[in-house]
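Q: Can you keep this structure in mind? I'll have questions shortly.
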Amino acid sequence: MIALFRRSCGVLRSLSHFDWRSQHTKTALQREPGSGFSFEFTEQQKEFQATARKFAREEIIPLAAEYDKTGEYPVPLIKRAWELGLMNTHIPESCGGLGLGTFDSCLISEELAYGCTGVQTAIEANSLGQMPVIIAGNDQQQKKYLGRMTEEPLMCAYCVTEPVAGSDVAGIKTKAEKKGDEYIINGQKMWITNGGKANWYFLLARSDPDPKAPASKAFTGFIVEADTPGVQIGRKELNMGQRCSDTRGIVFEDVRVPKENVLIGEGAGFKIAMGAFDKTRPPVAAAAVGLAQRALDEATKYALERKTFGKLLIEHQGISFLLAEMAMKVELARLSYQRAAWEVDSGRRNTYYASIAKAYAGDIANQLASDAVQIFGGNGFNTEYPVEKLMRDAKIYQIYEGTAQIQRLIIAREHIGRYKK
């Protein structure tokens with residue numbers, strides 16, 4: 001284990017000449033709100049960004065099309081990301097992790113998504129699965145389930161969505177019945193990213209049998225090990241985009257979970273599940289920006305090479321204006337996720353900004369992918385060119401971790417509350 005740890009650090013230093021695990025300081029967490037405004041990254045942030053960019057462009061991009069075609073889970077790339085310190089960045093230092101802030105994680109997410117959002121989603125899904133344990137787990141739970149992920153490249157999953165309960169989280173039917181020192185869990189989950197690869201799950205289940213019980217008291221959050229008897233993992237789903245990520249349904253049949261695996265206590269699950277999103281939505285928005293930036297870059301490169309009507313595409317005002325609009329949207333979306341990340345790292349409630357970032361970045365990722373296909377013309381509709389994959393990959397950003405419509409409900413609620421104050 002120690003040898004592996006040292007070898008991982010050596011690989012990272014060889015790329016960026018920086019030892020994350022020994023020299024990390026919580027810059028974002030130490031910054032006082034209002035202490036000064038700056039767009040300058042710290043040297044550490046620049047190093048993380050450079051490492052992620054190098055990995056994405058030299059190792060992910062050359063393999064992305066093949067993984068998209070086969071749907072194979074990108075195990076070698078995930079192991080490599082883990083070796084480079086680009087996975088599990090939220091894990092606290094007390095558990096052997098880097099303890100990075102959300103802003104730092106966003107910088108990494110954007111760069112990885114530029115290479116392939118399928119690969120990036122497989123990596124980032126770990127953060128979503130870990131976050132309930134990070135924000136609500138006790139020391140024993142954190143060291144047991146987060147600590148092991150710093151020792152080897154293990155995966156976990158956020159197990160909440162059900163076949164008839166997506167956006168309506170309060171409508172989930174999976175039940176947890178307490179019997180002695182255990183809970184017996186029965187139910188079905190759906191669209192679980194990393195579902196077939198996870199070592200353990202964060203599971204949300206109804207523990208109060210009263211159907212009228214409020215969501216804030218009716219649900220409990222559990223840590224469930226994937227090899228527990230009664231856990232039945234479904235087939236890998238064939239999705240429109242992000243095909244190399246692992247998405248499955250999971251059935252829980254008389255699954256026994258010890259009370260020690262309850263997060264905080266009975267009835268606290270809904271708040272934990274929702275609270276995780278304030279920290280995970282900014283990196284999802286950042287990933288959408290990474291895809292949008294890739295679409296802009298591919299379209300710009302093509303417009304500088306392709307000739308029509310006797311001149312380059314870029315020399316046609318209609319194309320140049322379209323590229324200008326695309327560039328504007330990328331920059332605005334990037335600022336939105338950075339604001340959301342800065343807010344939560346500064347200790348502020350960032351629900352409003354996180355939803356704005358998630359909604360806007362998801363929308364512009366779809367718009368820019370479509371615009372890139374349009375600039376490529378017929379070539380853009382063909383798998384020999386990269387932009388058709390971007391268009392397929394982009395759609396999920398308007399769906400997972402809260403749909404575009406749910407984000408607007410949250411934004412409206414938060415906005416009205418602010419106005420009334």
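Placed from the backbone N, Cα and C atoms, the Cβ positions cover glycine too.
Sharing the feature lines straight out of Swiss-Prot:
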type    : residues                                               : note
TRANSIT : 1-25                                                   : transit peptide
MOD_RES : Lys69                                                  : N6-acetyllysine
MOD_RES : Lys69                                                  : N6-succinyllysine
MOD_RES : Lys79                                                  : N6-acetyllysine
BINDING : 158-167, 191-193, 306-308, 316-317, 374-378, 402-405   : FAD binding site
BINDING : Ser167, Ser216, Asp278, Arg281, Arg349, Thr351, Glu401 : octanoyl-CoA binding site
MOD_RES : Lys179                                                 : N6-succinyllysine
MOD_RES : Lys212                                                 : N6-acetyllysine
MOD_RES : Lys212                                                 : N6-succinyllysine
MOD_RES : Lys217                                                 : N6-acetyllysine
MOD_RES : Lys217                                                 : N6-succinyllysine
MOD_RES : Lys259                                                 : N6-acetyllysine
MOD_RES : Lys259                                                 : N6-succinyllysine
MOD_RES : Lys271                                                 : N6-acetyllysine
MOD_RES : Lys271                                                 : N6-succinyllysine
MOD_RES : Lys279                                                 : N6-acetyllysine
MOD_RES : Lys301                                                 : N6-acetyllysine
Q: Identify which of the binding-site residues Thr193, Ser216, Thr403 has its Cβ surrounded by the largest number of other Cβ atoms within 10 Å, counting every protein chain shown.
A: Thr193
Q: Validating a neighbour-count step here. Other CB atoms within 10 A of the CB of Phe376 (FAD binding site): how many?
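A: Summing over all protein chains shown, Phe376 (FAD binding site) has 21 other Cβ atoms within 10 Å.
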Q: Roughly how many Å separate the Cα of Lys301 (N6-acetyllysine) from that of Phe376 (FAD binding site), to the nearest whole number?
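A: With distance taken Cα to Cα, Phe376 (FAD binding site) is 10 Å from Lys301 (N6-acetyllysine).
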Q: Determine, using Cα-Cα distances only, which of these binding-site residues is closest to Lys69 (N6-acetyllysine): Glu162, Gly166, Phe376, Glu401, Thr403.
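A: Closest recorded candidate to Lys69 (N6-acetyllysine) by Cα: Phe376.
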Q: Within 10 Å of the Cβ of Glu401 (octanoyl-CoA binding site), how many other Cβ atoms can you find? Include all protein chains, please.
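A: Around the Cβ of Glu401 (octanoyl-CoA binding site), 23 other Cβ atoms lie within 10 Å.
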Q: Look up Ser167 (octanoyl-CoA binding site) in the DSSP assignment and report helix, strand or coil.
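A: DSSP call for Ser167 (octanoyl-CoA binding site): coil, neither helix nor strand.
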Q: How many other Cβ atoms are found within 10 Å of the Cβ atom of Gly166 (FAD binding site), counting all protein chains shown?
A: 18
Q: List the Cα distance (Å, whole number) between Tyr158 (FAD binding site) and Glu401 (octanoyl-CoA binding site).
A: 10
Q: Quick one, of the recorded positions Lys279, Arg281, which Cβ has the fewest other Cβ within 10 Å?
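A: Checked Lys279, Arg281; of these recorded positions, fewest Cβ neighbours within 10 Å: Lys279.
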